[in-house]
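Visitor: Submitted below is the structure of interest, expressed as structure tokens.
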Amino acid sequence: TAALAATLVSGQTFTACNPTKETCPNPKAVGGKVIDIDFRKGENAFLENLAGTKVTYDKDNGAIFTINKDSDAPTMSSGDKYIFFGRIDVKVRAAPGAGIVTSFVLQSDDLDEIDWEWVGSDTAQAQTNYFSKGCTTVYDRGGFSPIANPQSNFNTYSIDWTPTRLNWEINGVVVRTLNAANANGCSGYPQTPMQIKLGTWVGGLKTAAPGTIEWAGGLANFANAPFVGAYETIRIQDYMGGDGVTGPKDASEYQYTDKSGTWQSIKVSSTTAPATTSTKGTTSSSSTHSTLTTVTSSSPVSSSVSTSSTDTTVSNSNTLSGAQTTGAAKNGASAPPSAAGKVALTLGNAAVMGAAILVGVLAL
């Protein structure tokens, strides 16, 4: 609905329960077993289709995500299974077409986020982004990495995420690195357990704000439908609070012990723990769990509003935008192109949660 769409634009990302503000169920862990899914073999029970999603399977191309109309936003999710740092490798061929967006997203309950995105009309690059605690006061985090014809060719895009650094990779080559030590304030470091989402959606709607339409490559022309994206394989490895080398061997769930939203406050449980309690910011538990102390090379990440982050990109073609968007949504004005990707991604999430995407409704 329009009301839901407006709400999600206001918050920029959606969460059913924010453990830094309220009592929430503890996220279940993917745990110590590496998950390898080949969609060419058909449906896999590990990932679930969100409301309104219909995915078909092809023995050559894998999971087929199809957009036929403006309200389509087929999306798969890991549901209640989360990684707490880890590595995800996704082999995908993006959907073509102006206004059509393909996304591979990690998102936590307290609104940390890590993104790969492909705009259907951009045949020369892929986009990366990240967010901390849903903060969108500044839009200086987006990056671009060259890749030829991502709508025609399958490529493997990876996120390798530890307490100290975050790498985005294409076909095994690091194309961008974010160091936790350099990520502060609104551009803070993503560091809490995350759910996995794969999907395609429409950013170029007639009802969208002009900045969103521009970012998505223009209006989607449904005379050219269907727009088809394909996910061939996904590999999921949960570092369980470690760095892939150190850390526990298995985990059942992750427990927020206070409202700080720092990785140091997350306890890795091997048995079921009580839900996170936010009334006093502490949690008592009779279950056995381990507090992560093996990875201590980074200092606690501040959540205070400070300076924007800096990160390293491998290719000279990678650029970071610094557009300010404070108040744009409230005034009903269009977000700049760099911000529009986040707005559009949020509204795509609105659609996959079962709501219509009415991206023109930006007034709060």
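Backbone N, Cα and C atoms are what each Cβ position is placed from, and that goes for glycine too.
Bear in mind that TrEMBL entries carry predicted annotations, made automatically and left uncurated.
Annotations per TrEMBL:
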- Cys17-Cys24: disulfide bond (DISULFID)
- 19-231: domain 'GH16' (DOMAIN)
- Glu113: active site, nucleophile (ACT_SITE)
- Glu117: active site, proton donor (ACT_SITE)
- 267-338: region 'Disordered' (REGION)
- 268-321: compositional bias 'Low complexity' (COMPBIAS)
Visitor: Just to verify a number: CA distance, Glu113 (active site, nucleophile) to Cys17 (disulfide bond), in angstrom, no decimals.
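Guide: Pair distance, Cα basis, whole Å: 15 Å.
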Visitor: Among the disulfide-bonded residues Cys17, Cys24, which residue has the largest number of other Cβ atoms within 10 Å of its own Cβ?
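Guide: For the disulfide-bonded residues Cys17, Cys24, the Cβ with the most other Cβ atoms within 10 Å is Cys24.
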Visitor: Could you state the whole-number distance in Å separating the C-alpha atoms of Glu117 (active site, proton donor) and Cys17 (disulfide bond)?
Guide: 25
Visitor: I'd like the Cβ neighbour count for Glu117 (active site, proton donor), meaning other Cβ atoms within 10 Å of its Cβ, all protein chains included.
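Guide: So the number of other Cβ atoms within 10 Å of Glu117 (active site, proton donor) is 24.
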Visitor: On the 0 to 100 pLDDT scale, where does the domain 'GH16' (19-231) sit on average?
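Guide: Mean model confidence (pLDDT) across the domain 'GH16' (19-231) is 97.
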Visitor: Would you count the other CB atoms within 10 A of the CB of Glu113 (active site, nucleophile), including those on all shown protein chains?
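Guide: Its Cβ has 23 other Cβ atoms within 10 Å.
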